[in-house]
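**Student:** One structure follows; several queries about it will come next.
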């Protein structure tokens with residue numbers, strides 16, 4: 001057997017192998033399409049890293065699907081600030097008079113009667129022991145001696161006023177009550193020689209002693225009821241019996 005054909009085939013194989021390392025598969029097909037074949041593809045490499053996120057796209061149109069059910073209500077929010085008060089409503093109609101049991105009504109009447117009886121008894125006791133009543137006035141003394149200003153304060157404390165006789169009957173009642181000379185609610189402190197009561201009204205009744213008022217010492221601005229029932233002007237700072245009158 002001849003070795004030439006075998007040697008020729010071996011040389012062609014070597015040349016094809018060395019040439020395929022520098023020539024691309026495409027070029028090799030052009031050069032030697034009938035003799036040299038391309039190698040098979042290699043194994044795929046590892047995936048590359050993800051690229052950066054792109055810019056946000058525009059909002060798309062609503063889908064064509066059915067609208068979902070309404071979700072549950074959210075939590076209650078904090079209470080708001082209190083509102084301003086509204087305007088007052090119209091006045092309601094007068095109600096019907098109430099009804100009280102007959103027993104309560106009769107009890108109240110009996111209690112009032114008992115209270116009135118007790119007050120009358122106390123008034124009689126005061127009149128007998130400490131005071132005198134004339135008409136709708138009740139004259140009362142505590143037996144203490146003090147200045148005119150203190151007498152005014154004492155009477156005002158008991159919602160009374162300094163005794164001021166308006167007629168002879170009241171003057172006589174005071175005279176019979178006192179055992180000492182007492183202040184009257186009369187003065188000329190505002191205008192010398194013009195005696196008025198403590199409300200500023202001019203006197204409609206007087207009972208001055210002979211030669212009075214004389215303003216001795218130029219400081220006699222108050223009036224004293226003497227034991228004989230006559231009046232005398234004296235200094236307001238002197239101390240005399242406190243005498244008050246109470247309206248009844």
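In case you wondered, yes, glycine gets a Cβ from its N, Cα and C as well.
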**Student:** Which of these ranges is annotated coiled coil in Swiss-Prot: 17-35, 93-111, 112-130?
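**Tutor:** That would be 112-130, the stretch labelled coiled coil in Swiss-Prot.
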**Student:** Sorry to bug you, but what's the C-alpha spacing from residue 73 (4-hydroxyproline) to residue 79 (4-hydroxyproline), rounded to the closest Å?
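**Tutor:** For residue 79 (4-hydroxyproline) versus residue 73 (4-hydroxyproline), the Cα atoms are 17 Å apart.
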**Student:** So what's the average pLDDT for the domain 'C-type lectin' (134-245)?
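**Tutor:** Its mean pLDDT is 95.
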**Student:** For residue 88 (4-hydroxyproline), just count the other CB atoms lying within 10 A of its CB, please.
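**Tutor:** For residue 88 (4-hydroxyproline), the count of other Cβ atoms within 10 Å is 6.
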